[in-house]
Structures are given as C-alpha cells and as structure tokens.
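Lifted from TrEMBL, the feature list:
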- 281-308: coiled coil (COILED)
- 288-352: domain 'HTH luxR-type' (DOMAIN)
- 259-277: transmembrane segment (TRANSMEM)
Amino acid sequence: MRIYFIIILITFTICNTGVAQYNFSGFVHQEHTSVEVYLSLIEDYRQLSGVYPEQIIQKTVCDSTGYFSFSGDNLPVDNRIYKIHIENCSNQEQKLVHFDGFCPDSKEILFIAHNKDSISLPFSFDTEVFCKVVSSNEKSDAFIKVDSIVEEMRFAFTTYRSETNRKLNSQKWFSTLQKYAQETQEPLVGLYVYAFVSNKSNRLHSFYLKDLKNNSFYQEVLAQLKTVYPNSPYTTQYESELASDTFIALPKQPNRASYWIWVLVGLLIISLTFNMYQYSKSKNKKVLNAIENQLTQQEEKVLQLILNNKTNKEIASSMFVSVSTVKTHINNLYKKLKVSSRDEVKSLYIKR
C-alpha cells in the first residue's frame, strides 16, 4: 500500500511540474507581511510604470516571512514584458490614487520572461526589494541594467546644467543606451530604451527627434520586432508611433522633379488653350470671309454701317434708300451670317 502511495505522489509531482512551467518568486520586507502582490503582463509600453488593473493577470499574498510566488502555464511562449508590484493602499485609497495609474505607496519591478522561466527576486545587498533579478532567462534583468544607465545619465546631467553640457551628455548617453540594447540582441530592450527617450514628458524628447533623423537604431528595432515578435501588440504600437515621430522629425520635402513636372503641365495647358483659341479665331475668320463673298454690294455697305453703330434711319439716309429696304438688307444679312441681332453681328467681328 505504501508503494502505491509513493507512486501516486511521484506521478502527481511530475504532472504538477509539467503543468506549472513558469515560476516567479521573491521576498518583500516583513512589514509587508500578508500584503497583496500582483503580477502584470504589459502589452502597452506606455504603461510600464504605475498601477493599471487591466494589466494584472495574477494576485497572491506574502507569507509571514515576506515570501511570495507565482506559477502556472498560461503565459505566452515567447518573451514579454512583466511587472510585479506591491502596494499599501486601502480599497478606498485605490479608487482615489489609482485613477491615472499613479500610486505613491507602491514598489514594482519590470522584467522580461516567457512561459518556461524560473525567476527569483531576492533582496539586494542593502536589503532593498525589487532591485535584483536571478533568472534562467539571461535577458530578464536587462531592464534593471538600462535603469542603472539612466541613473548615471541623470547624475551626469545634474553636475552641470548648461545647455552645452546637456547636448554633449545627450549624445553620449543616447549612444550608451542604444549600444547596450543592441548588445542584448533582444528587441524588447530596444523598445524599453525607445519608450524612455521618446517620452514626450522627457526633456530628452527634442534630442530624440533630432537623433531620429540620422540614427538607424530605431528602424533596426522595428525590423527586429517584426522578425522576432511579428504578431505582438508591441510591434504594432511601435511601428505606428515611429511613423508618427518620423513624420514630425522629417517633414516631407517638396519633390523638385515633381515641381517641374507640374510647371511643364501648366505651360502645356496654356499652350493648348492659346492654340485652340487661335485655331478657332482663324476658322471663324475663314467662315466670315466665305460668307462676305456671298454678300451683295448693298449688304456689305449695310454690314459696315451696322459695325459703325448706325441706326436704320442713318443707314437709309446714307444709302439713299427707304428704311424698309434697309430692313430687307438687314434680314438677308442676318440669314447669311446666321445671327438674329445687331449685337451678334458685332460679336462675330470682335472675335475676328
């Protein structure tokens, strides 16, 4: 009977190990005993820091020693950004201070992990919590290293607050951050660096836009994300933001070739319009000449007098004929010119 019990126990242990593929554990100070600890999967890298309930995927409670643990097999198989945090807010305080994700009484740590990782968060040498990552995944602690570079950078900026010092240090620390991200060969680290330098509330944002013009780092991160994480929300968000930033940093320059093409098109339209006008004018002149050849001598005189703005009485007096005869000549003239009024007769000769 005892043998059967041992076999069942071993089988249960093996099955349980197979199911619980990841394990994230650590310690918090004993004054936080029985405090709730949260595990979050971050899919929006603009919400790395802070308390966002929609990100939380697991919750546990510390034991009397401050130890906590998360385990399971429900995480993505490839690397993602995770956060573990604790807070000392009451339920009422949470409603007040967590509105925009900010919590003044919380501690957190960001790390990279996947579904098969074992990660431990021990105390640091000075018993600080969430300052050290021990992991089977060599890339898990990359964010901590980036944060340490950022702290060095901030110290360098505060040494001398001159504009010259800021420009020199911006170039130096941008290069340092980007070099480290490239060395890790993990696009999520490049994304983490990008999230920091491109933050619009960051004083480095203006330098980032200048750096974007000439630095291939940002496009390289995008290419890596598309290769390693093609279906990740990180990739979609980053590609969209980078396109927007690039549009701001590199406003579209007018294409000189396109400009001259439009100039030539405009000149061509003007030329065609002028030629059509000349052709129409020439054609109209030929038609009028042909019609004039059909006019009688009296009709020609009437035409000239009409063009000189003479009235029927004035025409009759000038030609020594009656007004009715003038009207007859005018009607015949209208028929041959295919018009119905004096104004139309004049307009034909104005166009001519």
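Just so it is clear, glycine is given a Cβ too, placed from its N, Cα and C backbone atoms.
Sequence-distant contacts of the transmembrane segment (259-277) (same chain, at least 6 residues past either end, Cβ-Cβ under 8 Å): none. Computed over the coiled coil (281-308), the whole-number mean pLDDT of the model equals 72. For the domain 'HTH luxR-type' (288-352), the DSSP-based tally of helix, strand and coil residues reads 49 helix, 0 strand, 16 coil.
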